[in-house]
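Single-structure report; data block below.
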């Protein structure tokens, strides 16, 4: 006999009221900057015909995914920071878990595609137009979303088949696989290894593909260095910063048994808040074409 848990209690980042108010101010500003910055990139790319290359098409999709990714966790976190009782219904918790892994895995695949785009542009410039055609870009982006959906479905199904009948306090500010399955009323050894091999393996493989792509890029630039290659290298440096912010915490959290390690809620802030926040800053401040287009857009809006 057992009663199924109908809601979870999110413990949040801190139980100190002063820190909660301070955190609300910081994360509210961060969320607003994520929305405004990524929306600005999307509008700029969509309105400027000069930004029609595959790189900017993929950047536009990355900005959209970043908005989705941070919107899965930030609004709920902001509400809970001002609430006394931070409860979330079981169904809402599972939905948050599903969409987090959906957009998170999609972003991993998209970052890998962006690295392949840069590799093709630098290492195979004569075939770049044929390889990265508009149709090919749409197929690659659609594959990223499909891969993210498949990954998320697996994680969600493995979670909802577990019995939750006792503890209901999640030591985090959002519902994710590691803190949720720790509350299951059964042995989760096999389940957590299946989940770790799923999320962790995806993170590690994508990261290794990215590292391999950048290695080939660096070798090519070293052998045939031109002014155009310097511009490409600057773009790749920005990409590496995004990859480091996003992949390293994910590999650390998901590529290991969940139940034998403490909560990593503070590390989760890096890829749920800071990574989406840094993307518009990195891609605009280090890209003259985007900055010029944004300035033109601003002048048109003022007229």
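Cβ coordinates are placed from backbone N, Cα and C, and glycine is handled just like the others.
Automatic prediction, not curation, is the source of TrEMBL annotations.
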Among 117-135, 136-154, indicate the range for which TrEMBL gives the feature transmembrane segment. 136-154
Tell me which of 94-116, 163-185 corresponds to the transmembrane segment entry in TrEMBL. 94-116
Assess whether the transmembrane segment (94-116) lies in contact with the transmembrane segment (20-43), where contact requires at least three Cβ pairs under 8 Å among residues 6 or more apart in sequence. no
Counting CB pairs under 8 Å, which listed stretch among 20-43, 55-74, 267-285 touches the transmembrane segment (136-154) the most? 55-74
